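Student: Got a structure here, written out as structure tokens. Questions coming.
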Amino acid sequence: MPWLSILMGVSVLGALGVTLVRNDKLAKQFTLGVSLIVLALAIAMAVQFSPNGDKFQFTEKYDWIPALGVHYAVGVDGIALVLILLSVVLVPIVVLASWHDAEAGKRSVRTYFSLMLVLEAMMIGVFAATDVFLFYVFFEAMLIPMYFMIGSYGGAQRSYAAVKFLLYSLFGGLLMLVAVIALYTIAGKGTFMFPDLVGTIQDVNTQKWLFLGFFIAFAIKAPLWPFHTWLPDAAAQAPAGAAVLLVGVLDKVGTYGMLRFCLELFPDASKFFTPMVITLSVIGIVYGAIVAIGQTDMKRLIAYTSVSHFGFIALGVFAMTTNAGAGATLYMVNHGFSTGALFLIAGFLIQRRGSQFIADYGGVQKVAPVLAGTFLVAGLSSLSLPGLSTFVSEFMVLVGTYEKYLVPAAIATTGVILAAIYILWMYQRTMNGPTAESVKHLPDLNAREKWVVAPLIALLLVFGFYPKPLLDVIHPAVKNTLSSVPATDPAPAVQVAKEAQ
Amino acid sequence: MTTHYLVLSALLFAIGGVGVLVRRNAIVVFMCVELMLNACNLAFVTFARQNGNLDGQIIAFFVMIVAAAEVVIGLAIIVTIFRTRRSASVDDASLLKY
Amino acid sequence: MEPAEIIQHSGGVIGASWLMIALPLLGAAVLLLGGRKTDKFGHLLGVAMAVASFVVAALAFIQLLGFAPGERRRGVELYDLIPGIAKVGLLVDPLSISFCLLITFVGSLIHIYSIGYMAHDPARRRFFAYLNLFVAAMLVLVLADNYLGLYVGWEGVGLASYLLIGFWQHKPTAATAAKKAFIVNRVGDFGLSIGIFTIFATFHSLSYQGVAEGMAKGGSIPATAIGLLLLLGACGKSAQLPLQSWLLDAMEGPTPVSALIHAATMVTAGVYLVVRSGPIFQATDTAQLVVTIVGVATLLAGAIIGTAKDDIKKALAGSTMSQIGYMMLAAGIGPAGYAFAIAHLITHGFFKADMFLGAGSVMHGMNDEVNMRKYGGLRKVMPITFVTFFIGYLAIIGFPLLSGYFTKDGIIETAMEHNAILGWLAVLGAGITGFYMSRLVFMTFFGKKRWEADAHPHESPAVMTWPLIILSIGAIVLGAFLILGNRFMLFLSPAVGRPEELPSFHPFSTTGLATLALVAVGVVFAWYRYGSAEVPGVAPRGSFLTAFARRDLYGDALNEALLMRPGQWLTRLAVYFDNRGVDGLVNSLAALIGGSSGRLRRIQTGYVRSYALSIFVGAAVLVGAWFVVGNL
């Protein structure tokens, strides 16, 4: 069965359907229904995935522009599969969370939900594409629904943020386009199929240039320091749901691209640039965390924590050890849940009080204990508390990096201290202390909002204690990727018996 | 022989060019443009004759056709402008800017 | 003697020892998720889960005793946590089971006590949920058979501690103290994490078994680095110098919390870590030396802080720091000290919990007043509290035949043998302990009443006094039970090893007598200052030394000057740099492009003739250029 096309097709048809529904409430329910169907289909697909089978599974390949060797070709390996699952899990949650988000402005409510489904199809497509050109098309096309979601439904400075987001991403995309065309020409294979292009560029200097073309696009998308400044603006102005999809999924395309395209297509260049990328990542981890501490706006603060987290992911990708690579992939998934929860709950809070500024809150715990409790759990997941899934991934990234790059890993570990400071300080200023006059009558989470938060927290907890199902899927894919680089794990200084491990 | 024709063509072209630059009345500017086109035609025909083939003459025909089409549209525009503004000065019609 | 091998085990109570963790965890989950519906029975469920956990621990202990000493290290495998890095497994051995018994027994008593102490708090259910969560996390910490599991528990107790210190979070001081505790602990965790990374990079294994095996094998092992990094973690959790500052602030939490977490169990986790990592520490003299130095420095610092505090809980907290310093000192010595470190840890768990709960009982009767200068003469109105507290007091100062006498004396004797300087400093610490604990007891229970007008002290209800009585019995007998005949050392040796030659107990050794004499001096001096004399209602200014001790040896000031202020500056600088520097660069690039295109479009003037002119000029330039190039 062409699972991946079905997933995308259902989302697109759903998006069209939403625009036809005349009633706003019905449109929302319809959107939710469609996203749940997509989720169910994706799960049905995932259970048929065999981790140790072919590299790409559920593959489909049709000619699109035969003259240029462009195909509509999709397929997933373990890495893409978990990211697709992340996307389809987040969409229904975001739909439910955004129930009333689009109603404040004058724009059409239906369009907002329709855009969300369009975005879902593109998110699936971008992770599933096995044709480099198709990937590029999705990579750029994703910007459009997100541009409208920010620009039409966002906060006061939405157009500034949306344009900045669009231009910044387009700039990166253009560099990538040049590199894609150059890759096609230099490889001389007459095809854009990713598996056929692996290993075709032998010359190291060519690899370096092409690597940069791809890498800068991904670094902007991710975003990696110093290409990050569009994110706080975009995330702060976007409605909470759009911010979740932006930071939770769209940005993952950047780190996913590094792992999939940079490493496999340009292995020598990746190794050459590893010191640079690791330096940028470590700077990003520490810098993002420090700037987050100094923020006064809740959503900007969360955005900066993501800059720090993306540093961890890039670090894991470029450490090129099994643990770090698998950790980075898992990190992408967990970060989606964790930041998703944080953005959504902060969104609930902001919606109630009508202010994003931390200083406008205080003592919310007293009046809305469930809201505060879930906010704390989400916050703790952001600071990677053991027992929550983010810890597993951060630990794996750091352990894996430490095996090869001792000092960068040690510096990155200071992130755990800084994370405690930015999360707990924000929590203290908003939730603790005497209850501020303006929040005295804040209602606690209602049933719909609890249903939004519950699955996220459940996922964080379950994968915190039992990450094996995800890791079983990710491990073979990462090993496969690293073996094509090739990169090997350093051996231990002292070998101990296998049982003792 | 050829030189005389070419000198005449250059003179006509220069007169037309100066006319386009210095005259304000749209009709006159238009006529100057026509003058320039015809100067070109003259040059083309001259070269055709000198080289003994028809290429230049064919191009001259093309130019004439273009010029005719131009007159049709151009005059219509000028008349419309004159009707709305009571003036055929090209300097007055400067709203389409920046 | 080397530790014994770990034997994989299944079945029996030991095989089900995960229940010890699961039961309180279940309790916490039910109480947190159940919400207000569980308000009515929340406290009872909490107590039941803690007691059930104790029952499992006790049964496991009995089953363990059934094995021959060399077979008392039982590993229980549960499931694969992170494939390739670590499994979830439990290690039930004499060391971990000792902790389990201490945690669940003292924990249960404190749960029971809290029923009375928190009776009037509207959020009592939440309190019990957090307490259960703590017990579960603490058991994970001690039962895990690998460093990753230990780390999970380590952070779990940190979370519970955070939640409980900040339990009254509407008070800004409590919220700040909770945050501070977590962050300072995270500094320690930074060290612990890197230590764990180093262990993994060295052995590709995180299990205690694997580490012990690897250490025995030898090779290029960065043992000193690992040891020092683990020690940093231990310093954070156990409030040892230089990460001590959070413990005093942590007293903002409800008193049962201070008793359970910040006296009896969690803060001793650092000692556990050092003892558990024995194979690593024993391979590195440097790290061991640093452990002992940290221990001695903290035992003196804590004691000095304890002398100057008027807040009864903070005085006790200083004392906790100091006592853990003793344990660290012993743990740094190696196998000769391990048994004493853990024995003192257990007896301290009893008598310090006893005293904290006693202090809680006093506060309960005094409208939550903590200033000892507002106490005085309470022994008559609170007889049970007084007697139990007094027993704890005698135990901690090392009054002959009570618990502290045996365990602390053991530490001092071992330290003396190991290094005379450290030994004498430990003796000095014992003298100061005599002084500050006597000061505390005299100010609280003796002398004239200095109560506030609205104070009506009364004895606490039975649900609070019975735990005190049971704990004080432990404070009397446990020391003799553990130390005489080296009972505890022999029991523990399969887990941590022991010196070839067993120590013998000399009641009248020079060191012992010197300690007793110094303690007596301390007590008498305290009686002279605070027992027989009038205690002023407001603290006198005192000497430079008093101020030094009152300000926690300027620990906070130091942190503030060295870390907080530069940190704030750095944050501000980074935010400024990000807005003006990085984002500024992006925005100025955008502005440059926008601005220049704004200039350029001015060329479109709208005048047809100027366009025509530019066309002519352009044509002329082209023709001119062609002439120039053509003529070249």
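Glycine is no exception: its Cβ is also placed from the backbone N, Cα and C atoms.
The domain 'NADH-Ubiquinone oxidoreductase (complex I) chain 5 N-terminal' annotation in TrEMBL covers C:87-128. The domain 'NADH:quinone oxidoreductase/Mrp antiporter transmembrane' annotation in TrEMBL covers C:144-433. For C:12-33, C:45-68, C:88-115, C:127-144, C:190-208, C:220-239, C:259-275, C:287-306, C:326-346, C:421-442, C:505-528, C:611-629 (among others), the entry in TrEMBL reads transmembrane segment.
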Student: Please list, for the domain 'NADH-Ubiquinone oxidoreductase (complex I) chain 5 N-terminal' (C:87-128), how many residues fall into helix, strand and coil according to DSSP.
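Tutor: Output for the domain 'NADH-Ubiquinone oxidoreductase (complex I) chain 5 N-terminal' (C:87-128) reads 29 helix, 6 strand, 7 coil.
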Student: May I ask for the residues of the chain that lie six or more residues beyond the transmembrane segment (C:127-144) and have a Cβ under 8 Å from a Cβ within it?
Tutor: 17, 20-25, 27-28, 31-32, 42-43, 45-47, 49-50, 53, 88-92, 95-96, 99-100, 103-104, 107, 110-111, 114, 118, 121, 150, 152-154, 156-157, 159-161, 163-164, 167, 254, 256-257, 260-261, 265-266, 269, 272
Student: Who are the long-range neighbours of the transmembrane segment (C:326-346) in its own chain, taking Cβ under 8 Å and residues 6 or more past its ends?
Tutor: 1, 95, 98, 102, 234, 238, 240, 268, 270-272, 274-275, 278, 281-282, 288-296, 298-299, 404, 406-408, 410-411, 414-415, 417-418, 422, 426, 429, 478-479, 482-483, 486, 488-489, 492-493, 496-499, 503
Student: In the same chain, which residue numbers or ranges, 6 or more beyond the ends of the transmembrane segment (C:190-208), come under 8 angstroms Cβ to Cβ?
Tutor: 6, 85-87, 89, 91, 145-148, 151, 154, 214, 221-222, 225-226, 228-236, 273, 276, 280
Student: I'm checking region-level scores; what's the whole-number mean pLDDT for the domain 'NADH-Ubiquinone oxidoreductase (complex I) chain 5 N-terminal' (C:87-128)?
Tutor: 90
Student: Kindly say whether the transmembrane segment (C:88-115) and the transmembrane segment (C:287-306) touch, using the definition of 3 or more Cβ pairs under 8 Å where each pair is 6 or more positions apart.
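Tutor: Counting Cβ pairs under 8 Å (6 or more apart in sequence), the transmembrane segment (C:88-115) does not reach the transmembrane segment (C:287-306), since there are fewer than 3.
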Student: Quick test of the contact rule: Cβ under 8 Å, at least six residues beyond the ends. What residues does that give for the transmembrane segment (C:12-33)?
Tutor: 42, 45-46, 48-50, 52-53, 56-57, 59-60, 62-64, 74, 76, 78, 90, 92, 100, 104, 125-126, 128-130, 132-133, 135-136, 139-140, 143
